[in-house]
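Before we start, here is the structure in question, set down as structure tokens.
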Amino acid sequence: MRGLWTTARVRAAEDRVLARVPAGSLMRRAAFGVATVALEVSAGRRIGLLVGAGNNGGDALWAGYYLRRRGVAVSAVLLDPPRAHAEGLAAFRKAGGRVVDRLTDVDLVIDGIVGLSGRGPLRPDAAEHVAHLDAPVLAVDSPSGLDPDTGAVHGPAVHAAVTVTFGCLKPVHALADCGDVRLVDIGLTPELAGPDLVELEVSDVGAAWPVPGPTDDKYTQGVTGVAAGSATYPGAAVLATGAALLATSGMVRYAGAAAEDVRARWPEAICTGSITDAGRVQAWVAGPGLGTGLGAEEVLRTVLDAGVPVCADADAITMLANNPDLWDARDPDTPVVLTPHDREYERLVGEVGDDRVAAAKRAADRFDAVVLLKGHATVIAAPDGRVLVNRARTSWASTAGSGDVLSGLIGSLLAAGLDPLLAAGCAAKVHVLAAELAADGAPIPASALLNAIPDAIRAVRPLTVP
Ligand SMILES: NC(=O)C1=CN([C@@H]2O[C@H](COP(=O)(O)OP(=O)(O)OC[C@H]3O[C@@H](n4cnc5c(N)ncnc54)[C@H](OP(=O)(O)O)[C@@H]3O)[C@@H](O)[C@H]2O)[C@@H](O)CC1
Ligand SMILES: Nc1ncnc2c1ncn2[C@@H]1O[C@H](COP(=O)(O)OP(=O)(O)O)[C@@H](O)[C@H]1O
Ligand SMILES: [K+]
């Protein structure tokens, strides 16, 4: 697991460290880390600095100082000369660093425009310099132009090949593209309590993924119920059922109007035309392709009242948005995972806005449910305040039907008894991996993503377990 801390928490921790270490020592440790990585990644010995008005610029200037001491030719553009970090600038100049109007002929640019204090779009002069960069960029702390707490971009921004950050990771490092992220220890760890966000690693997902044991049979591992699809949209049922079948061993029951289609594609699924005779399950997936008519509402009421965890996706979310009374069917103890994309979120709660973490938390709180807000960076919030982030490395999953696959994965992990937040987090991670594996550089339909689920699970499972 990788923890991420918001800038307010980072500043509070930094203040506590600064109270007991000599002034400037934190910045010099940070800057030494920047210089070390710069030497490693730069293709040549000419490095340029973009220096903003605050300590982020100070880091860059001190890094320039260390690089000069290693014989590197370093030039710096001061975006706001009167406010440039005075000690850093003096040291940089003394070591032979040059202050210039524009960076030309450099092998690497160190972006020290703005870090923790970055808000809103890049200032026009900074944007102008960034627009003319033609060398790879190493970002100090975070790529300038990206909001460090939300990852939101409001206009031109630095595209970093590598980001060197200090003390701990910040939300931007999981929510947006920061290139290769390197963490430099500046002694913050003892001052940091639990993180604000968590990113699951492959090993976490592998450790949590349900595996049958010697005493298991098809019932003991949790039976997944799928209430999805319709005469108009049978494919959603086929995809969601397939994902549930491929994600875990045991059994999947399908109930709905697409029973024939599901049976034809997945002979192992236990299919019935009606939710009323579906039989017992340990979790329900409801919504993909289900429709929003009276019959669909009745299906949703039935699953919410079933006393088992529910993954409510797609049309189920639309129905809950259109008719909030449907929530009354839910037993308060029934865990619900809602999986909206932005438009569904808008129907349910209102505009997502720039802060996707805050948006997911708002909905989790309002509905007392785990809310998985889909996207390139998927944010998953639990009503108790825990938040997971899962950023895709490619966008191949943005294809029709891939959400149906995700809901099937979540349902099967809920049925297996995983904590609903972990179920959603593990499913999101395997979904992203399956998309990557299936696509391998070319577009894929959702059924190809589905077929790659076994390979994705193999990729996360520990090697030692058969
Ligand atoms: N604290 C510590 O112990 C340590 C801190 N460290 C370092 O300090 C950094 C934080 O430094 P900081 O707080 O001085 O602010 P910083 O990010 O440099 O911003 C400077 C000014 O930029 C401006 N600005 C705002 N938005 C902007 C935008 N979009 N585009 C352009 N400009 C924008 C805004 O000024 P404005 O233009 O609004 O007047 C703001 O005041 C941190 O990221 C890390 O690198 C490390 O050395 C480790 C120890
Ligand atoms: N740009 C993107 N990069 C990576 N994944 C994405 C991107 N856009 C969407 N996705 C993922 O693709 C899936 C789409 O789900 P959804 O919108 O419900 O599709 P559908 O309703 O067609 O099944 C989600 O898992 C989402 O996180
Ligand atoms: K920066």
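Cβ atoms are placed via backbone N, Cα and C, with glycine included.
Grabbed the feature section from TrEMBL, which reads as follows:
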- 55-59, 115-121, D141, A236, G289, H341, D404: (6S)-NADPHX binding site (BINDING)
- N56, D111, S144: K(+) binding site (BINDING)
- K374, G375, H376, A377, T378, G403: AMP binding site (BINDING)
- 10-194: domain 'YjeF N-terminal' (DOMAIN)
- 201-460: domain 'YjeF C-terminal' (DOMAIN)
Can you tell me which of these binding-site residues sit near ligand 3, meaning the Cβ is under 6 Å from at least one of its atoms: N56, D111, L116, G375, G403?
N56, D111
Select, from S144, H341, G403, each of the binding-site residues with a Cβ positioned under 6 A from at least one atom of ligand 2; if none does, say none.
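Correct list: H341, G403.
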Cβ within 8 Å of the AMP site centroid (K374, G375, H376, A377, T378, G403 excluded): which residues?
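Counting only non-site residues, the set is H341, L373, V379, A392, A428.
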Using only C-alpha positions, which one of N56, D111, K374, A377, G403 is spatially nearest H341 ((6S)-NADPHX binding site)? These are the binding-site residues in the record.
K374
Looking at the binding-site residues D111, L116, G375, A377, which have a C-beta within less than 6 Å of some atom in ligand 1?
L116
With Cβ-Cβ distance below 8 Å and at least 6 positions apart along the chain, what are the contacts of A377 (AMP binding site)? List them in sequence order.
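Non-local contacts for A377 (AMP binding site): G151, A174, L175, A176, R356, V389, N390, R391, A392.
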Return the count of C-beta atoms lying within 10 angstroms of the C-beta of K374 (AMP binding site), excluding that atom itself.
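If we count other Cβ atoms within 10 Å of K374 (AMP binding site), we arrive at 22.
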Please give the greatest C-alpha separation between any two of the AMP-binding residues K374, G375, H376, A377, T378, G403, in angstrom, as a whole number.
14
Same-chain residues six or more away whose CB lies under 8 A from the CB of S144 (K(+) binding site)?
L50, G52, N56, D111, I113, V114, G115, G118, L122, A126, V130, A157, V158
Please report the number of other Cβ atoms within 10 Å of the Cβ of H341 ((6S)-NADPHX binding site).
18
